[in-house]
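Chemist: According to TrEMBL, the protein carries these features:
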DOMAIN    9-106  domain 'Pyrroline-5-carboxylate reductase catalytic N-terminal'
BINDING   Ile13, Gly14, Gly15, Gly16, Asn17, Met18, Ala73, Val74, Lys75, Pro76  NADP(+) binding site
BINDING   Asn60  NADPH binding site
DOMAIN    175-279  domain 'Pyrroline-5-carboxylate reductase dimerisation'
Amino acid sequence: MTADMKSQKIAFIGGGNMAGAIISGLVAKGFEKKQITVAEPWEVNRTKMSEFGVNVTTDNIEAATGSSIIILAVKPQVAKSVCNELGQKAFTSDDALPLLVSIAAGITMSSLKQWSTTSSGKSPPVVRVMPNTPALLGEGASGVYAGSDVSKAQKEQVTALLQSVSRSLEWVDREELLDAVTAVSGSGPAYFFAMVEHMIASGVKLGLSEEQATKLASQTCLGAGKMLVEASDSPSQLRKNVTSPNGTTQAALESFEASDFASIVDKAVKAASDRAEQLGSELGKQ
Ligand SMILES: NC(=O)C1=CN([C@@H]2O[C@H](COP(=O)(O)OP(=O)(O)OC[C@H]3O[C@@H](n4cnc5c(N)ncnc54)[C@H](OP(=O)(O)O)[C@@H]3O)[C@@H](O)[C@H]2O)C=CC1
Ligand SMILES: O=C(O)[C@@H]1CCC=N1
């Protein structure tokens with residue numbers, strides 16, 4: 001972490017799953033616990049957040065006031081009311097407004113800026129980030145898009161923040177590409193969890209104990225993931241390396257293909273991307 005980041009006050013508005021994953025990663029990477037404040041209405045989540053040693057409050061304005069970076073970590077459906085509240089009550093200084101970093105799926109930069117406009121007509125610089133829950137272990141993948149009024153220093157701060165929790169950090173130059181990021185890596189962990197759930201169920205049907213099947217399938221997912229990231233071979237070559245001619249893997253892959261595996265995955269990823277776009281347009285009209 002840079003010395004500059006150590007002096008920044010960072011507020012999270014919403015202390016749920018994704019905020020918890022990011023905060024856990026930040027604390028593990030040496031961010032000062034006292035530089036982070038989480039505003040969260042639900043006591044159960046406040047207790048979880050306070051276990052990280054960070055400041056916790058129920059008051060969004062208290063968390064946001066004096067912070068140079070405000071991370072909007074509420075559900076998309078709540079983003080408008082929170083932004084309105086920040087614009088009207090937290091962004092009162094005539095000085096430069098803090099950086100608003102939204103992780104909400106689909107919610108567009110123009111909605112975020114419009115909703116958080118102050119009474120004097122100013123809106124904060126906004127960065128949209130699409131992280132994922134492996135941030136919890138410092139193994140996240142994040143996509144980022146910055147508005148044109150975000151300074152170079154602010155981009156560097158966002159990079160430092162996200163690099164602490166993400167192995168892969170991709171800046172995109174068109175906002176709509178964040179819907180693709182959401183569909184591939186934001187929602188992506190759930191696809192692998194679902195695949196492992198099915199593999200465990202199949203292993204149990206074939207006679208393994210649940211514990212054995214869980215350990216074998218989970219470690220296989222981890223091992224394959226590490227090979228994808230660390231080996232120089234492409235995913236396709238790695239698949240070929242496992243697939244002996246007329247062997248067991250070929251039998252399994254042919255079964256996948258008989259159900260049009262590529263089309264199943266393509267439709268699912270497109271559905272996630274479409275839903276992100278739809279959330280942005282539906283909620284943007286409110
Ligand atoms: N989960 C994931 O894998 C990912 C999520 N995201 C995005 O992150 C955002 C948060 O998702 P996630 O963490 O899963 O959701 P959660 O519901 O777990 O967290 C949101 C938290 O915000 C709280 N909240 C509700 N209203 C307010 C308010 N007015 N002020 C402050 N806090 C409030 C909620 O409290 P309560 O429960 O009491 O309503 C809840 O604890 C979403 O916009 C999502 O699109 C992005 C990438 C991945
Ligand atoms: O399911 C969702 O809408 C959020 C965004 C990406 C992952 N979870």
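Placement of Cβ uses the backbone N, Cα and C atoms for every residue, glycine included.
What you are looking at is a predicted structure, and each value in this text was computed from that prediction instead of being measured.
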Chemist: Among Ile13, Gly14, Gly15, Gly16, Asn17, Met18, Ala73, Val74, Lys75, Pro76, listed as contacts of NADP(+), what is the widest Cα spread in Å, to the nearest whole number?
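Modeler: The span, Cα to Cα at its widest, is 14 Å.
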Chemist: What is the one among the binding-site residues Asn17, Asn60 whose Cβ has the most other Cβ atoms less than or equal to 10 Å away?
Modeler: Asn60
Chemist: Determine how many residues of the domain 'Pyrroline-5-carboxylate reductase dimerisation' (175-279) DSSP places in helix, in strand and in coil.
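Modeler: Tallied per class, the domain 'Pyrroline-5-carboxylate reductase dimerisation' (175-279) gives 87 helix, 0 strand, 18 coil.
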Chemist: Quick one: of the binding-site residues Ile13, Gly15, Asn17, Ala73, Lys75, which has its CA closest to the CA of Asn60 (NADPH binding site)?
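Modeler: Nearest listed residue in space: Ile13.
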Chemist: Provide the number of Cβ atoms within 10 Å of the Cβ of Lys75 (NADP(+) binding site), excluding the reference atom itself.
Modeler: 14
Chemist: Let's see if you can do this one: DSSP helix, strand and coil counts over the domain 'Pyrroline-5-carboxylate reductase catalytic N-terminal' (9-106), in that order.
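Modeler: Secondary-structure composition of the domain 'Pyrroline-5-carboxylate reductase catalytic N-terminal' (9-106): 43 helix, 19 strand, 36 coil.
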Chemist: Any idea what the model's mean pLDDT is for the domain 'Pyrroline-5-carboxylate reductase dimerisation' (175-279)?
Modeler: 98
Chemist: If you count Cβ atoms within 10 Å of the Cβ of Ala73 (NADP(+) binding site), leaving out that atom itself, what do you get?
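Modeler: So the number of other Cβ atoms within 10 Å of Ala73 (NADP(+) binding site) is 29.
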